[in-house]
Every structure is written in C-alpha cells, then in structure tokens.
C-alpha cells in the first residue's frame with residue numbers, strides 16, 4: 001500500500017516528550033467499574049498486546065453495525081407491520097457492546113501491567129474511540145427506526161443525535177488540547193451500560209413495546225434524545241468549560257490566546273456546517289434516501305478530523321485551521337445543493353463516502369506504521385522492533 005508520512009517531524013518530537021495525564025471523577029467509574037476492570041484485567045494473558053484488546057473491541061462494535069445494516073439497512077425494520085430484526089441480534093448486540101466496553105476499559109490497565117504503555121497505544125485507543133463514537137448510535141437507531149410514526153426517529157433527528165454524540169466526544173480532547181489533562185467524561189460509563197441494558201430490554205419485551213408511549217405522549221425515542229442531549233449540555237459541556245476556566249485562573253493552560261485555544265474546533269464546526277447544509281438543501285433529499293450511509297460518512301469524516309486534533313494535542317503542536325478533506329466535501333456540497341449534480345447527486349455521494357472511508361483507513365494504517373517505526377515497537381505485538 002502507498003505509504004505517506006502524515007505525522008510531521010515536530011509532532012514526532014512532541015510525542016517523544018509526551019506523558020499521559022488523566023483524571024477520572026465519575027462516581028460510577030471510580031467506585032464501581034474500576035474495581036470490576038481491575039479484576040477482569042488479571043484474566044488477560046501477559047503475552048497479549050494491549051492494542052489487540054483495543055482493536056478486538058472495535059471489531060465487535062463494527063460487527064454489530066454490519067449485522068444491523070444487513071437486517072435493517074434503511075432503518076425500516078422496526079416499523080409497524082414490517083419484518084423485525086431477529087431477537088438473537090439484540091442479545092448479540094448487548095454482549096458485543098458490553099465486551100467492547102470492557103476491552104476499552106482494560107486495555108490501558110493491561111498496557112501498564114505489561115509495561116508497554118506508549119503514545120502509539122493511546123493514539124490507537126482514542127483514534128478508534130473517535131470512530132466508534134458514531135457507530136454506537138447508528139446501531140442503536142435500529143430499535144426505533146424511521147417508519148414507526150411518533151415512536152420513531154426521523155433521519156434528521158438521527159443526524160442531530162449523532163452530531164451531539166460526536167460533539168461530546170470532541171469536547172474531551174479539545175479540553176485536553178488546552179489543559180494537557182484528559183478529564184474522562186462522566187457520560188461514557190453511563191451510556192455504555194445504558195445501551196447494553198436497552199439491547200437486553202429490546203430482546204425481552206420486543207420492538208412493539210417501544211411503539212407505545214412511556215407516559216402521556218412521550219416515547220422511548222424521546223427519552224433517548226433527551227438523555228443524550230442532557231448528558232452533553234448539562235454534564236459534558238459545563239465540566240469542560242469549568243476545567244478550562246480553572247486552568248486559566250491557575251495560569252496552567254497550554255495555549256496563550258483564545259484563538260489558539262479554539263483552533264481544534266474550527267474544522268469540526270465547518271464539517272458539520274457543510275453536512276447540515278447538504279441535509280437541508282439536497283435536491284434528492286440525500287439524508288432520507290440513504291440515512292445509514294450518510295451517517296456513516298459523518299462518522300468517518302469526524303473521526304479523521306478528530307484524530308488529527310488528538311495528534312496535535314498529544315504532541316503539543318498547533319492544530320490545523322482547515323482539514324484538507326473539507327475541500328472536496330465543500331465542492332460536492334456546493335454542486336449538490338445548487339442542482340448542478342442533478343441525477344448524479346446520489347452516485348456522487350457514494351463516491352465521496354467510499355473515498356472518505358478509504359482515506360481514513362489509509363490515514364490510520366500509515367500513522368500506525370510511522371509511530372511503530374519511530375518508537376521501535378509493533379502495533380499488535382509486545383516484541384521490540386530493531387531500528388531501521
């Protein structure tokens with residue numbers, strides 16, 4: 001495969017000086033789950049590399065997504081009178097979701113246990129997390145679907161919920177970009193356990209139960225949206241702003257101006273502006289025609305932008321103002337909403353999605369190889385590699 005050096009010399013030098021710093025104040029994590037994971041990690045053989053655990057968890061979430069895509073490509077299976085998703089898939093989704101949550105929670109502990117912690121491992125973990133952050137809701141949406149009347153979710157609501165989830169993820173790394181400390185979000189443990197329980201509940205009571213209101217005219221889908229938006233706006237955002245204000249008062253912020261501090265938010269904001277314009281003004285109503293694939297593209301583009309922010313954050317280098325992938329996206333959106341693409345809009349969308357996915361995978365492989373060579377380690381092995 002054609003290899004490209006995505007990480008600059010300044011960033012590599014920054015990685016050499018990097019030290020992991022994180023704070024976890026979530027009561028659920030501190031007093032319950034951490035004790036569970038400390039027991040679970042003892043079962044993992046010492047010869048297994050931590051990145052194997054990380055990647056295995058990602059694959060479980062990806063398998064869930066692929067299975068849901070097969071049985072419910074257009075989010076119609078949950079509709080009244082339609083053939084529903086097999087019950088075994090909800091059980092499998094619950095198991096896969098919880099195992100992925102467990103593996104993501106113990107990979108760092110296993111790295112310290114095997115004395116193999118490295119910036120490569122942290123970037124690999126957080127980079128995959130930035131991708132799974134979008135895949136989680138894409139599978140969960142199949143419970144409600146697009147064709148379930150008041151109890152369902154419209155494609156636009158799905159897009160907005162996904163945007164909120166990704167915004168919440170970005171907040172943690174924007175915060176670390178400014179403070180140098182990763183304040184682990186409270187919403188993570190709560191959301192992972194909640195999703196697992198919702199999958200189990202769906203298998204037990206059946207999809208039809210969610211067609212009925214919980215009380216008055218409030219449905220489970222309404223509760224989900226309120227919960228996600230509430231976690232973001234009432235927990236994640238205030239915590240992030242509070243920690244940055246504290247850093248400013250204590251003069252410990254890494255950036256010396258508001259502009260420099262806000263740089264990581266520029267590309268994600270521009271990305272969502274372009275995507276939102278496309279969803280609203282698309283002549284062929286692309287979001288409604290291809291809801292699953294459009295939301296997949298949203299997640300891929302977001303993950304690529306976020307990975308670059310994480311690299312700048314870890315290497316203490318300046319974040320870029322405008323990510324290069326936004327240029328072709330801007331061109332396509334302008335051509336689409338102006339009507340110049342005509343009947344070619346949907347085909348062009350397929351090409352853009354395929355290109356973005358391939359570019360992101362290429363980026364991940366090349367960055368992994370570059371850091372693996374730089375630190376003289378292997379991505380999926382504990383063996384040391386010799387300097388070239």
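Heads up, the Cβ atoms here are built off N, Cα and C, so glycines get one too.
Taken from TrEMBL as is:
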type	residues	note
TRANSMEM	43-68	transmembrane segment
TRANSMEM	88-106	transmembrane segment
TRANSMEM	186-207	transmembrane segment
TRANSMEM	219-237	transmembrane segment
TRANSMEM	258-281	transmembrane segment
TRANSMEM	293-312	transmembrane segment
TRANSMEM	324-341	transmembrane segment
TRANSMEM	347-366	transmembrane segment
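Simply put, out of 43-68, 219-237, 258-281, 347-366, 347-366 has the most Cβ pairs sitting under 8 Å from the transmembrane segment (293-312). Sequence-distant contacts of the transmembrane segment (347-366), counting only residues of its own chain at least 6 positions beyond either end whose CB sits under 8 Å from a CB of the stretch, comprise 1-6, 127, 131, 286, 290, 293-294, 296-297, 300-301, 303-304, 307, 325, 328-329, 332, 335-336, 341. Panel annotation: around the transmembrane segment (43-68), residues 85, 89, 92-93, 96-97, 99-104, 106-108, 110-111, 113-114, 116-117, 120-121, 124-125, 128, 131-132, 135-136, 138-139, 142, 378-382 of the same chain, lying at least six beyond its termini, place a Cβ under 8 Å from a Cβ of the stretch.
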